[in-house]
Every structure is written in C-alpha cells, then in structure tokens.
Amino acid sequence: MARLAAFDMDGTLLMPDHHLGRETIATLARLRERDITLTFATGRHVLEMRHILGTLSLDAYLITGNGTRIHSLEGDVLHRQDLDPQVADTVMHHAWDTRASMHVFNDNGWFTGQEIPALLQAHVYSGFRYQVIDIKSIPAHQVTKICFCGDHDDLIRLRIQLNETLEERAHLCFSAVDCLEVLPLGCNKGSALAVLSNHLGLSLADCMAFGDAMNDREMLGSVGRGLIMGNAMPQLIAALPHLSVIGHCGNQAVSHFLTHWLDNPHLPYSPE
C-alpha cells in the first residue's frame, strides 16, 4: 500500500468551480487516519495553499510553484529553487511576440502588469490575488517562476521563441492549455517529490500521485502508481500511455478512486 499520496489541485483535486468537494475532504481525512502522508503538489503559491490548508484542518506537505518550494507540516522551507537571475531578467525584459499576459512569482506573491479579473475566478476559494506593478521593477534574483496566460496556439508559438532564446537554461511546461510556465532548470513536481520522499525516508515507489496536465508528467511517471484524470490534457495521456485514467474532476474522481482503493484494494477499479 502506498505510504504517500500526492495531489495536483486544479483539474484534479479541485472541482471545475475551484472548490474541494465534501467527499474529497472526507476521503483525505480517511487517508490521514491510515497514516498515509498527504502532499499537495501544485503550481499555486504557498501563501494561497496555506490558506486552503487552514480551512481543511489537515496536515499536509506542500510542493508549490510547480516544485520551486517544498514546505513541511510546520510550514518550514525544506527545499527552494529559483529561476536563474539571468533567465528571469531576459524573460521579464524581452519584447516577446505574443498576446499572452506575463505573471511573475516570488516569495512575496503573484505579480502582473495589468488587471485581468477573469484569472481570479480560479482563486475564489482562497481569495488569493495578483498585485499589479511594473514587472520590470521586480528583482531578477528573487523570481521563482514566470508564466504566460493566453490562447494555446499563441502560447505554442511563444514556447518556440522562449526555447530559442533561453536554450537549455530553463524548464518550460504547460500547467494548463492556457498557461505556459518558465521554471528553473530541472525543476518540476517529480523532482520535488523525490526530494520530499527522500526527506521522509520513503522511495518514489512508496508514493501514488494524481494529475491532469503536462506539469504533472514527471511526478506521475516516477511514482509507484500514477493516476491520470479523465479530463486531462490529451498530451499527458499520450505521454504516459501505460498509466490508468480515472474519472473527471467534476465528479470528484480522486475521492471515488481512493474510496475503492481503501475499501477494496485487491479488486480492479472502474471509473464508472
């Protein structure tokens, strides 16, 4: 039986309205009763995740910023990785040929150059929001990650530009069809989970994980049991064809799967 369960948030644990369902919350509590370590592995900021954890009364480790930070149950930083300052400076100051909006993250919060109210819908549960500032004024040595939000085809073209300019100095991934992230080289949820599991005296084979987007690829592919959401990006399913696909986040599929796993661990699972 797995000893650690790692969960992506958006499109996985959260429902489409960006809330946690009652069944999901109850199932997470059941896992803790079985002494299974909980880990939330997300692109969201730790400041937001602490608020969400506080409303749940659950102990969980946090992998935030898509692996740029790991925090203990007590809130201490176990691991940190920032963008190379030269990379951050280039991304923030270059005139990219794109209509996508740029968003910069550091330990102090989420920063962007203009009001984009539609982006706040994903954060209604926590109330977390961006700060509007001149992005070019942000110190490059304090940047954890940068992301671009916009049309998927536009982001694909932007990814080509970023790859040509940055070469092998950063890790690029889609955390959603409309969000392209620029992360420190070698930084992802999978590498962060490897650091955390080692800290806890576990192996990745002792872990299970759930996800729906390409920023979950390394994590899902490295654990003992990786589960892909039925609403996942097609690219993720194609990249990991050997992994099981469960139901939709709107049906609290993670809870459905885990309830079966806890109650009938030796029986085959069907998402229906």
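Yeah, the Cβs are placed from backbone N, Cα and C, and that goes for glycine too.
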Which of these, D206, D212, does Swiss-Prot say binds Mg(2+) at the same site as D8, D10?
D212
Other same-chain residues whose Cβ falls within 8 Å of the Cβ centroid of D8, D10, D212, the recorded Mg(2+) site, in sequence order:
M9, G11, T12, L13, L14, T42, A176, G211, A213, D216, M229, C249
Cβ atoms within 10 Å, counted per site: which of D8, D10 has the most, among these binding-site residues?
D8
